[in-house]
Amino acid sequence: SHPVSPTTTHTDALSMELPSCLHAGATPKWKLNTALVTVGNATSGSVLQSLSSDCINCTWKSVCSITPARTAALIDSLYPTELRILHNGGSSCQINASLHSTGEYTLDATSCFLGTVAEGDDTIWASLMAVFGLLVLITSHDFYLHFKSGWWSAQEDHDEYYFGNVPRHRSSRRLLSVSVFRGLCVCMMAFANSDGGGLAQFQHSTWDGITVADLIFPAFLFCAGLSSQIAMAHQTSTKIAWSRLLNRVFFLCIIGIFVVNKGSDWHTIRIMGVLQRLALCQLIVYPIQVKVNQPQTLLRITRKLRRFPSETSEENPDEYDVIEGEEPTNDQVIEPVIEGEYATYVSHYFGEWFSIGLVYWVTLFIAIATSALTFFIRIPGCPVGYSGPGGVGDQGEFANCTGGLFGWVDRWVLGNHIYTGAPVKSVYDALDIDPEGIMGTFNSAILVAAGVLAGQILRWYPYRCEQYTRLIVYATLHLLVGIVTSKLIVPANKQLWTISFSFITAGISMYIYFVCRLAVDHVKTKIKLRALAYVGENALLIYMLQEAFAHRLPYEFVVGPSSISRVLLSLWTVLFSIAFGFALRHYDIRFKL
């Protein structure tokens with residue numbers, strides 16, 4: 001791949017790498033998710049073309065020119081593909097093909113018959129293996145502990161995570177669900193970064209749409225906001241610690257730059273990345289978060305509510321939660337400011353939207369203002385409001401407009417220091433675009449703000465039914481708003497981090513955390529997903545390990561192109577991450593910035 005500057009034309013980008021056919025009888029160099037198609041009975045000078053179902057409203061792409069010596073080609077088999085052969089006279093043979101990885105096929109140019117020589121891999125078994133393998137990895141330690149000590153033992157767990165040993169930090173009760181959720185994000189990131197087992201749902205979406213892989217980083221941002229809010233339980237000052245904040249942002253950006261750059265060419269070093277995006281989002285959200293953190297401000301217009309009930313006055317104390325070191329108080333009643341017959345009703349259901357949710361509203365306003373610029377600023381050679389893939393998309397009409405304003409800003413500001421491996425580049429023959437780009441940062445801050453909102457709900461509403469009701473309602477609202485926005489305004493797009501993508505992923509992340517909260521914090525069960533909690537305790541360090549050892553022993557090694565082998569390799573990377581989490585937990589090492 002080569003970086004493309006803002007002034008580079010689409011024709012120049014296409015000329016950088018031209019596909020070609022294989023020599024007759026040559027042994028193909030198999031790649032993941034490719035199939036071999038041999039063309040028969042084609043006249044010399046015919047052209048084999050393909051059109052992937054993942055390429056929406058695209059022009060046909062020429063794979064190669066057919067000659068007597070070159071009659072076979074490797075075709076991408078990740079998605080169903082249309083194949084056609086153009087003869088010299090202009091007539092064509094066209095067929096829909098669902099090819100399997102490493103499969104071998106013959107295409108008769110006269111009859112348009114697609115024959116199967118070798119079936120290749122069926123991804124159904126690979127998908128089942130991936131699901132089963134992940135479940136085994138994240139639950140095996142729970143089963144081991146309880147089989148070792150007696151599954152039906154009545155012994156209760158007593159440490160900070162209820163792990164059955166002496167707590168290291170008695171003064172601070174940590175939420176197991178937060179660590180499990182964070183560990184889940186890191187383990188799924190490990191699986192997806194190792195080619196996702198070659199499975200389509202673990203590949204990032206080419207352009208519009210959302211896959212499982214697209215949910216991982218947004219969920220990590222959501223968890224960052226959730227953790228930061230819970231960690232502020234003892235902080236009552238509204239003074240922003242700028243030095244600490246800027247130090248964290250600086251070190252995250254520096255570490256992120258070294259993590260995403262494996263080479264030594266400083267002329268094309270990538271500037272943006274996952275940790276850089278995380279740092280910038282926290283730079284946006286944290287100052288607002290501190291300003292509204294004072295308890296008197298948060299509780300000013302909420303309903304009549306005791307923050308935490310007396311331990312002796314309630315018949316069922318299990319209905320309440322004391323979050324992250326908060327001490328129970330006996331303050332009986334906090335009167336609402338709103339007067340009138342509907343004061344309690346309004347503040348009960350909507351109070352947090354005006355006080356606790358202030359962080360969310362300010363962040364949302366910034367994101368909407370940034371997204372609105374797309375509909376007012378014209379990019380040279382592109383229509384106002386365009387957010388398509390460019391390249392061969394839209395029938396090639398806007399070839400040099402990849403990403404609209406968002407993509408243009410990235411290419412103009414970052415220049416050669418932009419990400420060059422986006423899926424849209426290979427599928428659409430588009431220009432470069434950075435999925436962790438500059439303007440998308442403001443939209444992704446919505447995920448952090450949504451996590452802050454969830455953390456505030458856990459802190460200020462001690463009744464579990466209140467927590468669960470709000471998490472479900474707000475998750476549903478985010479999801480509905482995101483779906484409506486994606487249908488009417490701008491599609492959900494991971495490469496651009498559109499505002500509809502942020503809403504949808506925020507809703508899904510909140511649903512996932514709701515399940516974690518219910519399953520491991522409250523439900524009386526032996527399965528607490530401790531392996532994920534170990535990883536979640538040092539999520540940043542383990543993520544850095546994944547990136548540093550990518551494509552290197554012992555974390556990753558060369559395997560064949562078959563789906564089964566790729567799934568096994570991806571599961572191995574998850575196992576390696578969990579093992580490292582166990583080692584850090586054993587030596588009581590916690591890496592934080």
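Glycine is no exception: its Cβ is also placed from the backbone N, Cα and C atoms.
Please treat TrEMBL annotations as automatic predictions, because they have not gone through curation.
Lifted from TrEMBL, the feature list:
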| type | residues | note |
| --- | --- | --- |
| TRANSMEM | 124-145 | transmembrane segment |
| DOMAIN | 174-299 | domain 'Heparan-alpha-glucosaminide N-acetyltransferase catalytic' |
| TRANSMEM | 175-192 | transmembrane segment |
| TRANSMEM | 212-233 | transmembrane segment |
| TRANSMEM | 245-263 | transmembrane segment |
| TRANSMEM | 269-288 | transmembrane segment |
| TRANSMEM | 358-379 | transmembrane segment |
| TRANSMEM | 438-459 | transmembrane segment |
| TRANSMEM | 471-490 | transmembrane segment |
| TRANSMEM | 496-515 | transmembrane segment |
| TRANSMEM | 527-544 | transmembrane segment |
| TRANSMEM | 564-584 | transmembrane segment |
Remark   = Long-range CB partners for the transmembrane segment (212-233) (under 8 A, at least six residues beyond its ends), listed in sequence order, are 175, 178, 181-182, 184-186, 188-189, 192, 196, 201-205, 274, 277-278, 281-282, 285-286, 289-290, 293, 323-326, 444, 447-456, 458-459, 494, 501-502, 505-506, 508-510, 512-513, 539
Task = Give me the stretch from 245-263, 269-288, 438-459, 496-515, 527-544 with the greatest number of Cβ pairs under 8 Å to the transmembrane segment (175-192).
result = 527-544
Within the domain 'Heparan-alpha-glucosaminide N-acetyltransferase catalytic' (174-299), residues counted as helix, strand or coil by DSSP = 86 helix, 2 strand, 38 coil
Ask   = Is the transmembrane segment (471-490) in contact with the transmembrane segment (496-515), using three or more Cβ pairs under 8 angstroms as the rule and ignoring pairs under 6 apart in sequence?
value = yes
